[in-house]
Amino acid sequence: MSSSFFIKTKGNPKTTKKGKETAAVKRKADGDSGGQSKIRAKKPSKKYSEEISSESEAEGPAVSKKRQASEEIEFEETPQEKKLRLAKLYLEQLKEAEEKEAEDEAFETDLIAGRLQEEVLEQKGKLQRPIAKDLIPPDASEIRVLRGHKLPITCLVITPDDRCIFSAAKDCSIIKWDIESGKKLHTIHGGRKGTEDRHVGHTAHILCMTISSDGKYLATGDMNKLIMIWEAETCKHLYKFTGHKGPVSGLSFRKGTHDLYSASHDRAIKVWNVDENAYVETLFGHQDAITGLDSLSRERCVTAGGRDGTVRVWKIAEESQLVFHGHGGSIDCVQLINEEHMITGADDGSVSLWSVNKKKPLGTVKQAHGCHGDSGLEQPHWVASVAALQNSDTVASGSHNSQVNVWKCGQNYRGLELLFSVPVSGFINSLKFSSSGQFLVAGVGQEHRLGRWWRLKEAKNGIYIIPLKTKPSNAEEAKQTK
């Protein structure tokens with residue numbers, strides 16, 4: 001009992017000497033302000049003088065309180081206020097994102113709507129992009145010539161990516177060209193007559209060629225009634241199609257497929273499936289040798305009937321045909337502008353525009369390339385080739401009057417207006433527009449592709465790359481003026 005009392009008494013500062021001293025110091029600190037200033041006036045050690053800032057003493061109590069208040073206003077935030085602030089910020093970000101997304105969606109919707117509208121017009125054959133109004137004739141120095149064939153070029157195609165050209169000639173050879181550099185990438189040499197069994201390639205004049213829309217297959221046809229299928233990338237020979245009883249004069253792949261249409265002087269149209277290496281069917285109707293053939297994405301093709309004076313549209317699925325009669329003369333070439341319109345050239349010198357809904361041409365230019373011969377015995381220059389920039393108002397024609405004519409189609413393809421002529425010496429046996437519409441390629445020879453009625457010695461057998469220049473825009477004109 002006494003020991004526990006001793007411990008309790010010991011713990012009371014008032015009952016011990018040490019406790020009394022502590023209480024006295026405490027009373028002195030509480031009641032005597034002078035004592036406080038004396039304690040603060042005590043010189044601190046060097047260590048603490050470095051770590052403790054003296055700004056509070058210099059600023060004084062009023063400035064210190066003001067700073068403390070501003071810091072509290074600036075940084076003091078309750079959890080609820082913080083949540084509210086972050087929520088508002090998040091809502092603003094969401095609103096901005098939605099507005100931007102709405103703008104992007106509106107832009108994409110307009111873009112898609114425009115594309116869909118173009119596709120619908122393209123399928124209906126009513127798409128006509130106005131390109132001709134901006135074209136201007138190129139300078140003669142800008143035309144490039146690629147030479148490699150020994151005999152007249154008869155046909156050519158441009159790859160879908162506009163990087164390469166395939167050309168063929170009466171020397172039975174096929175050359176693959178790089179458009180940018182103008183160099184030969186590959187040559188498939190022709191063989192001599194009688195070497196068909198051992199030679200890989202053609203041994204007779206090549207009259208026509210075509211390339212699939214994906215650039216995978218190249219098809220060529222010759223005077224020996226043969227169709228050769230090649231791998232376009234490597235120029236490797238794949239198949240040989242036989243069945244025609246006359247020279248193969250026209251070839252075309254259906255766009256977006258590997259279905260191949262072929263035409264021949266035997267007056268027949270044949271359908272092939274290249275993927276399956278198979279023959280499908282034969283169509284008859286022309287009364288004379290077929291001289292040209294073309295097709296687009298529909299399951300149909302168009303043909304020029306030569307001296308029978310007709311153009312025919314073959315509806316493959318329906319097994320029917322539409323017959324269109326020309327003004328006279330042999331219709332030697334045909335090209336589709338879109339699914340509903342086409343252009344033809346004839347040996348009476350006329351160039352005609354057609355619609356599949358009209359039996360007669362929508363417009364015809366007679367003697368489109370002028371005449372030749374003695375006075376009183378003039379004969380029109382034959383139109384040997386035509387080309388069309390797909391789904392546009394721009395077409396071209398070639399003859400042997402030393403020029404390529406570029407034409408503008410009228411509204412709804414009614415009528416033709418000559419834009420300009422490009423000087424090219426020789427027989428223009430083949431014409432092709434690039435997919436981009438940036439250039440036109442002409443296959444030129446000293447002779448006509450189908451015979452040797454004339455020979456132009458001054459001409460050069462070659463490929464002419466003609467740039468299609470456009471008028472500078474107002475912004476470009478302003479820059480040039482400055």
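In case you wondered, yes, glycine gets a Cβ from its N, Cα and C as well.
The region 'Disordered' feature in TrEMBL is assigned to 1-77.
Under the heading compositional bias 'Basic and acidic residues', TrEMBL lists 18-31.
Under the heading repeat 'WD', TrEMBL lists 146-187 (among others). Nonlocal intrachain contacts for the repeat 'WD' (146-187), taken as residues 6+ away from its ends with a CB within less than 8 angstroms of a stretch CB, comprise 201-211, 213-215, 218, 220, 222, 230, 232, 234-235, 426-427, 429-430, 432, 434-436, 438, 441, 443-447, 449, 460-463, 465.
Remote same-chain residues near the repeat 'WD' (199-240) are listed as 154-161, 166, 168-170, 172-174, 176, 186, 188-193, 246-253, 255-258, 260, 262, 264, 272, 274, 277, 293, 449-450 (criterion: CB distance under 8 Å, separation of at least six residues from the stretch ends). Under the heading repeat 'WD', TrEMBL lists 199-240 (among others).
TrEMBL lists 241-282 (among others) with the feature repeat 'WD'. Mapped onto DSSP helix, strand and coil, the repeat 'WD' (241-282) counts 0 helix, 24 strand, 18 coil.
Residues annotated as repeat 'WD' in TrEMBL: 283-324 (among others). Mean per-residue pLDDT, taken over the repeat 'WD' (283-324), amounts to 92.
If you look up TrEMBL, you'll see 324-364 (among others) marked as repeat 'WD'. For the repeat 'WD' (324-364), the number of residues in each DSSP class (helix H, G, I; strand E, B; coil) is 0 helix, 21 strand, 20 coil.
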